[in-house]
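A quick write-up on the structure given underneath.
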Amino acid sequence: MEIRKRGLSKLESYWGISQDDVSAESCGEARGGLRVSEREDSGRDSQNWYRLSIPPLWPWQTVVIAAGLVLAVLTGLAHAWCVYSIHENLLWFSHLKEVEREISFRTECGLYYSYYKQMLRAPSIQQGLSELISDNATESKRTINLLRRMNIYQEVFLGVLYRILPIQAYLEPVYFYIYTVFSLQAVYVIALFITSWLLSGSWLAGALTGVWYILNRVDTTRVEFTVSLRENWSLPFFALQIAAITCYLRPHLKPIQQKVVLWLMFLATLCFCLTWQFNQFILLVQALIIFTLDCLDLISTEQVTCLYLVQVSSLLSVWLLQFCNSMILGSLALSFIVAALFVKHFQRGLKTGGLAARLGKLLLHTVLVLALTFTINYLAKQALQLRSDEHIFKFIKSKFGLGPTRDFDASLYLCEEAFGLLPLDTFDRLAGTLLAYPYLVTLIVLLVMLALVTLANLCDSSAVGRPQKGRGEARPICMRADVAYNLLHTVFFGLLALGTMRMKYLWTGHMCAFAAYGVCGKELWSLCLNMIHCNTKTKLRLIRYTLPLVILCFLYHKFWPKLMTELSELREFYDPDTVELMTWISSKTPKKAVFAGSMQLLAGIKLCTGRVLTNHPHYEDRALRERTRQVYQIYAHQSPEEVHGILRTAGADFVVMEDSICYERRHGRGCRLRDLLDLANGHIMDGPGDNDPDLVHASHPRFCESVKTDGPAYTALFTRVFQNKTFHVYKLRRGKKRAKGDREPVAMEDKTH
């Protein structure tokens, strides 16, 4: 009977089904567990008996698994339908004109979508790729490789796919694009469903995960109004990678199963890295999680090495696909992994000795890895002359008060709400759907268990790397490696989200899966029932299956009417000023005309009109950041000659100024764009309030205001050619008499900055 139980445990662990009818001793066979089986299976005969005994149970197991997979797909499709319906209702998207649809791709979303549009309009696929590799329309006076600079392989792939599939007659290109993005959101929910199912052993946890994700949509996704944002492409693959890691760390996987899961993990990581420029920072956090698991002896050396190699191979593959993008080789993630593997290889006795000795060795190990990481990273950046990502580190330094607060690039991030601390009302919303309570309880209990497991592992160095023998040596606390990984995952990314609100989308989705595991998993309930001395299989099964059903019924009763009301609420896109501007540019300006202005507006101009830009929202290039700061002098205290010289240097023919920026009220004093420019230029800010003593009064009026007066100094250099209630477009004069004089302010400007 004991052999049969162990055989069932292996089968159920493989399929991810509840093990209520199996001895709890199987938990200890995981790498991070502290409770181990008493004996190994006795001989080949008992294994053959096990194989003959299991097949009669397969039909029932197949039915359960099939039902769970069907429910996972239905839950994912429900979420995709919700976000599509809200997107349609917010904009009345199906009734918009083409220019209005394109304007709805706000800020950087419009820039990315323009390359999909460019691939479709190219005479051939080969020419479309060639134009992207040698692009001279995105940044004036520069030819850049867009596939190297930007993460737009998804637009290229969809453009090629739309051209070769026989769907042009009945599906518009824009719908093919947004349907793909919304379908990926279904994949995201399915991946979270599978993760919670693997952790808990019950697909009821997956159903609860999906419902929580949909009801907390405000905090889990923003895809309905930022369709082409990079995170909407990459996070579904990140969720698939987490599900693959969870499966890989489960016990009883055969070698062939481990290889399959590792390949799935690699493909998911590759797609994640290829679709988002911030992939290296996310992988750095994940590498720190793996490093922590290794230091606490919760996963094996082989697993650590395999997980690191998956990350490295994915980053190097993206490096090749992006035409040897130096930012990847100079990433902290790659430097950290190389340092961790190098130090680990030469520190043989790290996990030996008593508690004090092991803590000292771990501290030394951590210091060595971090020191080697920064050394490798510094040398790599010096060798590659890499400075493209320095604005990220400026932002981090300024956020913690370690760097200059007047830096324009850092302040531009710090003043945006998305890069501030996570608002407290987020937890009120999460608590309203009953998500926060089981999440916090699960988090606290598992952190205590993790501390006890870690302490026991560090104290018992003799148990490292080998199973314990005998009933007397079994420890009462158990934590599987897959549970430990997901625990640290939610802790690390939770801290990241608390510090930067935009990063909450990496956390809240996994929070749903983690909380559902707490509700449906047996570890926590077994612990609670043991404390009151009434732990039986029947009671454990009753709680694990009843509680999620009760929560689902409550959520249905409370939120289903609200959800239906929200899905039926109709709105309409309305932005006549921007439509008028785009229409005028398309009909009244040369196709090769170069436009200067704000990054957000220029992305829309690129998409709607195809005109050349001076700058754009993809901020991952040092030269482009410097040009953007120069172009933004149109909103600073500058003379018309200086502004004209700057714009002429950037190659601009037209400049578009926005009243919403010139007279900005969205941000408070000190965070308005004009204030950031004044501080960077050393000028006193407008309006009442304190100023630093070293700031001085500007010698010129604010350009965006004074140019509207049509004074002689301005009309000699700028001609107003278009205006409405929001936008003012000026054409730069290019008279021969001014050509020589234009260069003088530019040279002075370069020396100044």
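Glycine residues also receive a Cβ, built from the backbone N, Cα and C atoms like all the rest.
Bear in mind that TrEMBL entries carry predicted annotations, made automatically and left uncurated.
If you check TrEMBL, you get these features:
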- 58-84: transmembrane segment (TRANSMEM)
- 152-170: transmembrane segment (TRANSMEM)
- 198-215: transmembrane segment (TRANSMEM)
- 260-278: transmembrane segment (TRANSMEM)
- 319-342: transmembrane segment (TRANSMEM)
- 362-380: transmembrane segment (TRANSMEM)
- 436-456: transmembrane segment (TRANSMEM)
- 477-499: transmembrane segment (TRANSMEM)
- 505-521: transmembrane segment (TRANSMEM)
- 542-560: transmembrane segment (TRANSMEM)
- 734-753: region 'Disordered' (REGION)
- 741-753: compositional bias 'Basic and acidic residues' (COMPBIAS)
By a Cβ-Cβ criterion of under 8 Å, what residues six or more beyond either terminus of the transmembrane segment (198-215) are in contact with it? 12, 16-19, 64, 67-68, 71-72, 75-76, 78-79, 82, 189, 192, 243, 246-247, 250, 433, 435, 482-483, 486, 509, 512-517, 519-522, 544-545, 548-549, 551-552, 555, 559, 563
Residue numbers, six or more beyond the limits of the transmembrane segment (260-278), whose CB comes under 8 Å of its CB atoms: 150-151, 153-154, 230-231, 233-235, 237-238, 240-241, 244-245, 247-248, 253, 306-307, 310-311, 313-315, 317-318, 321, 618, 620
Stretch contact, the transmembrane segment (436-456) with the transmembrane segment (152-170), Cβ-Cβ under 8 Å, 3+ pairs: no
So which residues does the transmembrane segment (505-521) touch in its own chain, when a touch means Cβ under 8 Å and the partner is 6 or more beyond its ends? 188, 192-193, 195-196, 199-202, 204-206, 208-210, 212-213, 216, 219-222, 231, 235, 238-239, 242, 282, 430, 435, 438-439, 441-443, 445, 483, 486-487, 489-490, 493-494, 496-497, 544, 547-548, 551
